[in-house]
Every structure is written in C-alpha cells, then in structure tokens.
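To start, the structure under review is shown below, and the notes come after it.
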Amino acid sequence: MIDKESLKKCLKLYLVTDSEMLKGRDFYKCLEDAISSGITTVQLREKNASGREFLRKAMKLREITKRYGVKFIINDRVDIALICDADGVHVGQSDIDVREVRKLIGNNKILGVSARTLEEAICAKNDGADYLGVGSIFTTSTKLDAKSASFETVKEIKEKVDMPFVLIGGINLDNIDKLKCLESDGYAIISAILKAEDISKEVEKWTLKI
C-alpha cells in the first residue's frame with residue numbers, strides 16, 4: 001500500500017512533460033536540469049509521441065528519476081508504466097477505468113486520477129486512486145478544452161475527500177499565491193517551467209515560493 005504522508009511530500013512540485021514546450025531543446029537535459037533542481041515527481045505526458053518514442057522516453061526518464069530519488073508517473077499508458085517499472089500511472093476521466101488500472105498495476109504503485117468536481121473526486125477515491133489532480137484551476141494553453149474547477153469545489157474536495165491532491169492548470173509564479181488558501185499538497189506545472197530559458201533557475205524559484 002502507498003503511504004499517504006510520504007506521497008504528499010512527493011507531490012509538492014510535480015512536473016508534467018510536454019516536449020513541444022522545449023522548442024527543440026534536448027528533452028533529457030531539460031528534464032534532468034529540472035529534476036536536479038528540486039522537482040519531486042515527474043509525469044511523462046507526451047500526447048503526440050508514437051508508442052515507440054513514448055517507451056524510449058519512459059525508459060530513459062526512469063533511469064534519471066531513479067538516480068535522483070524522484071517519483072516517476074506515466075500518463076495513461078499502463079503497459080509502458082509496467083514495462084519501465086514506473087512508480088505509478090495517472091489517468092483522466094475519459095481514459096481507462098480506474099478500477100481496471102488498479103487491478104493491472106497492483107497496490108504497490110501510485111495511481112493518480114484527474115478530477116474537476118466533487119463527484120469525480122469521490123468516485124476516484126472509491127475506485128482506488130491514491131491522489132487527485134484537481135483542475136483546471138486557471139486557463140491553460142496545454143489543454144485548451146479543459147474545464148475549470150472553482151476554488152469552492154477545491155475546498156469541498158479537500159474537506160470531504162480525505163486524500164492527497166495537486167492543483168493543475170495555468171499555474172505560474174504570478175498567480176500561485178492565490179492558491180495558498182486551498183491547502184493542496186502540491187502543484188502540477190507544465191509550461192511555467194518548461195518554457196523557461198533557464199529551467200534549473202526556474203525550478204529553484206518554485207522551490208523557494210512553495
């Protein structure tokens with residue numbers, strides 16, 4: 001079983017990958033720069049990658065994250081998570097059934113689920129999720145069709161669903177202070193870190209801010 005308190009610490013600064021944000025820069029170097037500077041969990045999420053490319057990136061990132069003692073989560077692809085022995089899987093509401101994922105990965109791997117409403121959060125917990133990705137909190141360029149989750153909804157989820165959660169969606173250093181009142185366990189970041197010219201310095205700024 002996954003220890004809830006240990007998991008909360010791992011969720012503090014959660015980086016979701018998107019190689020298109022890097023504009024041609026070396027994917028592995030950028031990710032290692034981020035990981036070595038304070039990222040606590042990495043989720044491999046490459047929606048436009050072929051299966052072969054996704055697997056290649058997963059195997060290499062598994063090596064890097066292990067070296068730094070950082071948790072490694074695979075988005076959607078349970079098969080690849082098992083092949084590369086990732087720490088866990090994250091699925092959305094329209095992806096594979098959460099209960100089926102839990103059966104496939106067992107009880108010793110982390111299972112994260114996206115949730116926008118209290119109902120989705122409750123279902124995710126009942127179906128075997130270990131943590132929630134709650135959002136989109138703000139408008140985001142990485143998921144244009146993402147519907148927002150209100151602050152009131154987040155507060156309800158925290159109060160009524162006793163499980164770790166990260167906030168996701170359009171979060172940056174200029175608006176993060178607005179989120180402190182929501183008392184999440186961490187923040188899932190994409191563009192605010194990956195678009196930075198100096199990723200190491202950007203991650204260091206985040207570690208000081210949160």
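For all residues, glycine too, the Cβ spot is worked out from N, Cα and C.
Swiss-Prot lists Q43, L44, R45, E46, K47, N75, S114, K143 with the feature 4-amino-2-methyl-5-(diphosphooxymethyl)pyrimidine binding site. Per Swiss-Prot, the feature Mg(2+) binding site maps to D76, D95; the stated evidence is sequence analysis.
Same-chain residues at least 6 positions away in sequence with a Cβ under 8 Å from that of D76 (Mg(2+) binding site) are, in sequence order, R45, V89, H90, V91, G92, D95, I96.
Between the listed binding-site residues, namely Q43, N75, S114, the fewest other CB atoms within 10 angstroms of a CB are found at N75. Long-range C-beta contacts of L44 (4-amino-2-methyl-5-(diphosphooxymethyl)pyrimidine binding site), restricted to its own chain and to partners at least six residues apart, with a cutoff below 8 Å, comprise T17, F54, K57, A58, L61, F72, I73, I74, N75, A86.
In the structure shown, the C-beta of R45 has more C-beta neighbours within 10 angstroms than that of any other entry among the binding-site residues R45, K47.
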